[in-house]
Amino acid sequence: MTQQHPYTVMTVCTGNICRSPMAEIILRAEFESRGVGEDQVLVMSSGVSDEEYSHPIDPRAVRVLKADGYAIPAHHFAHRITRDEIAQTDLFLPMTASHMRALLRQLPPAKRTEVHMYRSFDPNLPKPAAGREDEIDLVDPWYGGPREFQVAIDQIQDVAPYIVDWVLKKIGE
């Protein structure tokens, strides 16, 4: 498939300081490990809220990412998803059903089919019934400590290869 711009993946959480930047970093590393550069697939992150606007990645998230060997971007500033980002995104990956609902309210109808919960790609999880998507929510580490952040990164890492497989199949790589 020839494209004018890279296929764009947007990970989405509440404030864009914990789960979505963790998923962005992990997915980017998974694409890179397969020889897929940002000229082919661009991974970004955002929030559905601007409550953490301009904040860096949560230090607890940085700790677990570094402990697992991930490079942390020098400049990450939390932000709410923008209209321009919505227009350029090919695949939206909300972390929870709540994020999915908030995101769907912002999307034009033509973009709504491009929204898939992050953990919905895990073949080891049962597909939730309609209205029960919260059963596959990614754990929220915000109110927890190191253990909750480790659970979150483990969940993100477990699913990342399946998302990358799906995207590569989608773009014909």
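Glycine is treated like the rest: Cβ placed from N, Cα and C.
As given in TrEMBL:
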DOMAIN    7-166  domain 'Phosphotyrosine protein phosphatase I'
ACT_SITE  C13  active site, nucleophile
ACT_SITE  R19  active site
ACT_SITE  D140  active site, proton donor
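Its own atom aside, the Cβ of the residue listed as 'active site, nucleophile' has 31 Cβ atoms within 10 angstroms in the protein chains shown. Listed active-site residues: R19, D140; maximum Cβ neighbour count within 10 Å falls on R19.
The residue listed as 'active site, proton donor' sits 9 Å from C13 (active site, nucleophile), taking the CA atoms of both as reference points.
Distance from the CA of C13 (active site, nucleophile) to the CA of R19 (active site) is 6 Å. On the 0 to 100 pLDDT scale, the domain 'Phosphotyrosine protein phosphatase I' (7-166) averages 97 in this prediction.
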